[in-house]
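Only one structure is covered here, and it is reproduced in the block below.
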């Protein structure tokens, strides 16, 4: 009888209707059988999507159900439900596709696909919930084989219930005969528990710029690994045409161990590592992409279009099942100095024979040659159009699969189009990657007509992308208006200005260490609070928030620096041997410094002219708590200029605002920990920054992890309103108020989030965003604090890039067409002066800009009793909150507990 079982199982699958009364041993597959979709008769060998192998193993044949793409760059998705309820493991992948037909395929695991149809256009989305990438294929890459005992976990209570296949059809010329395509991937699954769980670690650059004509350009990525040990067994590289070689390493105790090195112009498969590589807590993962800018006539940025570039290394690994994490990322370079000792092989391009390069000519050169001027037009490997907006379609672009990502940095979202035609033209400009007014954009009308259809289609797809990225409810800012009669005399601002970095201010090169706070003293000097050679990382606190590195002693350098706002010279320094982990800084109307230390769990009042120590201390040293006499990692202080009342945001392990009298006596507290995904007014998850609005008697709080700003009455503590915008993303790190305007910075997005790190200017009376700004030199990574002066000058301190930027308010440029001597010309009306108001209260004349530079390593080395220690290294600061277990992005900053044991991963 046992020998007949396999034959019977096959019959049950092929003739289900004749066996309804028989309880098949494959009853676990019944649900799948009922939802199986018919395949085209042309797709031979795909009519049995589930194939039993033995009593524990089975194969799934996940294929497109006989589709005919009608347009190039079509993305089709289809889903298949896992046919078992219990936990299973994918142990092998076999691609069923050819690059003659398919450009790439991605396979995801999730709990709910975006559609239940037999297949759908992927611009409708891939999954409605979080998804994990399981497999990627392109360019006739060979099958990916997992080591014995290793599998991707699916099903059960925590694993994915569905597989979603995304197939990109690049050039549809292969479908001229109208044949139906059934490309896909075959999976080998087992129900036998696997001791080792597979996952993916993605390293990618997001800010590389390749200058035109530059012969060699390096793009470096590095992150400290902060998880349980992982064991690397395969890797895949990706760049576009300019990439020459991509190399990945583990760095431990200064020793570089190769993970993988490959030319991105070869078939993009997962290549096995030559020797097994284990990565442990504290190791550095480092990757370098080598590019050339030769042949380009303008700079090339990281992005998704064929005229952009990518620098991606993704690593396949396994971990012990009890600690498994399915997906981790690294998108920054936390240790640039380390690359001085990178092995020379990383800088040597790998020669590739022409017959080895599998390039995909999806379109004729004429379709894209004018997007970016080239000295010569090489064959492009990819030319694709973004037509889907969910998380993993964006991930696929980051992995090098999708094209025509709209570049946010080339689009100023604060510039409002005056008419629909202006908006369409602006979007067309973005999608085509052209700058209006550029010489190459002013080519003949005949060329413009030739691209009209392409532009129209891409504008249409751009609109579809926007609608997919931002559901209707998220496109409307959440703003609870003030009560009637309140705030009626608050100055109105309409956004007729723009924040711009002061490019000649040398302070951008100030600090190579962690900047935790910035403020302005009564003389309008910039004051910086920094951590010297101390770093907040996973070893700083135990599970009860008690500081664990007391043995290091207090910071030996001066932690408070007074900086000239014009030339960035250090005017004064103090705070030596006082602090362990500095955090918040504010300055009252009398010039006293108010600072917090998260290791000491204390608040200090300092007289900058008094060298004898603090004049007031709140909290108990090294004693976390939540009563009237204790704090737990307090974050910021605000002092009311009228009443002298002291407000403390407390903090990382408490969720409250505490009020004290001017002499430090406890008055009251309010706030509670957030509950659920929709926090109520007065609930906080890390109240991180405070801003007083004295004339309205309001205190505003940056409710950091809830991504919002809450304002309260200072007398009654009554909730007034919430300011929340989708463009904030998940975090609001810091806020600063000047009459009429509220400034804010958000936090580094979680992987897959759409909103970039940026600064915001809001009209305080209605909460509307009137400007969004970023720096030109360097980039925001973890802007930790912000302060604005009443003349509109803004300073932002960033802890990841160890940078302080200065921004100034300028009038927007007005373009108008005029005729002179019968010749129509474009005239730019640009007021050189800075904005002023009659009262001088808000936008007064800007102060002069200085020159010269400052390096704190040199500053301290030049003074007796100081050392360079800590100032020549790049330390990092990530999210204060523990990330989701599948987010392995660099986050050394403000852990409030040791590394926890992860819950079971959902693959």
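Placed from the backbone N, Cα and C atoms, the Cβ positions cover glycine too.
All annotation found in TrEMBL is predicted automatically rather than curated by experts.
The Cu(2+) binding site annotation in TrEMBL covers 103, 104, 168, 238, 240, 310.
The annotation Ca(2+) binding site is assigned in TrEMBL to 518, 785. For residue 785 (Ca(2+) binding site), applying a Cβ distance below 8 Å and a minimum sequence separation of six or more within one chain yields 515, 516, 517, 518, 584, 585, 689, 733, 734, 796, 797.
The feature protein binding site is assigned by TrEMBL to 531, 652, 704. Around residue 704 (protein binding site), a 10 Å sphere centred on its CB holds 26 further CB atoms from the protein chains shown.
In the structure as shown, the Cβ atom of residue 784 (Zn(2+) binding site) sits within 10 Å of 26 other Cβ atoms. Among the features that TrEMBL reports, Zn(2+) binding site is placed at 583, 585, 688, 784.
The compositional bias 'Acidic residues' annotation in TrEMBL covers 882-895.
Annotation source TrEMBL lists domain 'Copper type II ascorbate-dependent monooxygenase C-terminal' at 197-341.
Residues or ranges marked as N-linked glycosylation site by TrEMBL: 763.
Positions annotated as region 'Disordered' by TrEMBL: 473-493 (among others).
The feature region 'Disordered' is assigned by TrEMBL to 870-907 (among others).
The closest partner of residue 310 (Cu(2+) binding site) among the recorded positions, by CA position, is 784; the full candidate set was 531, 763, 784. For the domain 'Copper type II ascorbate-dependent monooxygenase C-terminal' (197-341), residue counts in helix, strand and coil come to 9 helix, 81 strand, 55 coil, using DSSP. Cα to Cα, residue 652 (protein binding site) and residue 688 (Zn(2+) binding site) are separated by 8 Å. Here residue 531 (protein binding site) is compared against the recorded positions 583, 763, 784, and the shortest C-alpha distance is to 583. Considering only the binding-site residues 103, 238, 688, 784, the residues lying within 10 A of residue 704 (protein binding site) on a C-alpha to C-alpha basis are 688. Cα distances from residue 688 (Zn(2+) binding site) to the recorded positions 103, 168, 240, 763 are smallest for 763. If you measure from the Cα atom of residue 240 (Cu(2+) binding site) to that of residue 784 (Zn(2+) binding site), you get 34 Å. When averaged over the domain 'Copper type II ascorbate-dependent monooxygenase C-terminal' (197-341), pLDDT in the model lands at 91. Packing around residue 104 (Cu(2+) binding site) is summarised by its Cβ count: 26 other Cβ atoms lie within 10 angstroms of its Cβ, all protein chains included. There are 22 other Cβ atoms within 10 Å of the Cβ belonging to residue 238 (Cu(2+) binding site). In space, 784 is the closest of the recorded positions 583, 763, 784 to residue 168 (Cu(2+) binding site), judged by Cα positions.
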